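Listed features, source Swiss-Prot:
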BINDING   53, 54, 81, 158, 353, 361, 501  FAD binding site
BINDING   56, 82, 365  2-oxopropyl-coenzyme M binding site
DISULFID  82-87  disulfide bond
BINDING   222, 223, 224, 225, 245, 246, 360  NADP(+) binding site
C-alpha cells in the first residue's frame, strides 16, 4: 500500500483535480491520501465512515464546534458518489433535455437548425461529464483541508473493528463515536439477463458506457431517476419506452400538476406503460442486450433494444456494517436510528442515504450536522418532514406541501390560484410566461408548453397549504417559500411581497389580485 502523507502539502484546486485523476486512472488503485494531524493528542470525537455530503458536512460542523474528527472514504475525493456518478450528472443531462426540446419545438424556425431526424449522442454528453467531474472533486479536497481544517484518509476503505475502532492505511484509530455515512447504491432488478452488456444504472452509465446506443431506449422505473434520465434519452431523438410497475411520478401529490407533467412527456413522444413488470432481458450470442420482455395490462410485450436503463431508486449500503456492528435494519435495508440519529449500537450514529428516504441532498447534509451536534453534547433531534421537492423532466418541476386533493381529504375548505386559469381555451394562452418559456408562450401553437403553476390555500385561515410549479427557475424560491409556509404564510402576506417581474412563479401578483377579498374564491 502506497501512502501519500498530504498533511504538509498544500495543493491548489487544479493540482488536486490532477492528482485525483491520476489516482483514479492508476492500474494499481493509486495511493492512499493521508491527511491526519499527528501532532494533535486529542481523541477523536467521531470518525466518519464515508466522506460524501453527510460525512463532509457533519465533519465541518463538528470541527467548527471545537471537536476533532476523521473521515475515512474509499474514494480519492470528498463529496461521495453524488458529484462523481450519481445526482450531478443528471443535471447536465436535464440541461440538454431542456435545450433539445426547445430546438425540436422550433426546428427550422428563427435561428434554430432543422432537427428533423436529428439524433444526439448520449455517449458524447456522458464523455463531457466524465471529462469535467474532477474539478469539483478538487475543490472539495482543497476546501476541506485548507479552509475547514478537516482530517481525512481517502482512497482507502475503512475497516470497522467495533463501535470505537477503525483501521485505515495500516493504522488503528480510536474514537468516542462512529458516524456511519456510506450512502446507498443503485437499486437493481431480479430477472434473467439483468447483467447483460448494455444494461445500465445511473452509476454504470457514467463509468462504463463505451458505445452509442441505438434508436430505442428502455427505461425501467417510474420515479425521479427513471423520469429524469428517460427524458434526456427521449430528447436525444430516440424512441424511449418507460416500463412502470405501478404509476409514474406518484410523488407529485397534486393530480393536475402531475397530469400536466405527464402530458408534456407524452407529447415529446415518450411511451409510458403503467402496470408493467419486466420478466426477462434477452441477450445475443455476445452477451449484449437485444430485447426486454415485460408483462403489461395488454399482455406480453417485447421491445428490441441495445440499451436498458434501470431507474429503480437507491439501496442503502448497510449489509457489511450491520454484520460487523450488529445494527438493526429496516425492511428496505436502511439502518434504523432514533430522532437523535443514534443506531441500536451505543456510540454509533448513522446519517444520509444509509438511513433511508428521503434520499435527498438536504437530508444528507443536515443529518450529518445534527449527528455532529449530538456527538458534541447537544440533545437535538432531526426527522426530515414537510420539505420541498423537485425533479427534472424536460422541465423543472418543483412542489411542496399539499396537493389540492390531499388538502380536501384532510378537511380543508380550499381555493386555488393557478396559471393558466381554467378557461375555454384551456392551456392555449400565453401565460404563464417567464425566463426560459417566452418562446413557448408566444410561439404558434406552443403556448401550452409555457408551464403550469398552482397554489393551494385554506379559504378560512387564508394560509397557503401547498405550491406546485412546472417550468424553469422556480426551484430556488421553493427552498424559502417552504419555510414561510411552515411559519403560517397567508395569501395576504404572499401578495404583499415584492416580485422581480417577470418572475418564474406568479404567486405573488396572483395572490395580490385576491388578497383584498374577505371571502376567497379561486382564480
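A Cβ is built for glycine as well, from the same backbone N, Cα and C atoms used for every other residue.
Remember, it's a predicted structure, so these values are computed and weren't measured experimentally.
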Between the Cα atoms of residue 56 (2-oxopropyl-coenzyme M binding site) and residue 360 (NADP(+) binding site), find the distance and write it as a whole number of Å. 15
Between residue 353 (FAD binding site) and residue 223 (NADP(+) binding site), what is the CA-CA distance rounded to a whole number of Å? 17
Quick one: among the binding-site residues 81, 223, 225, 246, which has the most Cβ atoms sitting within 10 Å of its own Cβ? 225
Given the recorded 2-oxopropyl-coenzyme M site (56, 82, 365), which additional residues of the same chain have their Cβ within 8 Å of the Cβ centre, ordered by sequence? 52, 53, 54, 55, 57, 79, 80, 352, 361, 364, 368
Consider each pair of residues in 56, 82, 365, all listed by the record as binding 2-oxopropyl-coenzyme M, and report the largest Cα separation in Å as a whole number. 13
Fewest Cβ neighbours within 10 Å, where candidates are the binding-site residues 353, 360: 360
By the DSSP assignment reduced to helix, strand and coil, which category contains residue 158 (FAD binding site)? coil
Widest Cα pair spacing in Å over the listed NADP(+) contacts 222, 223, 224, 225, 245, 246, 360 is 23
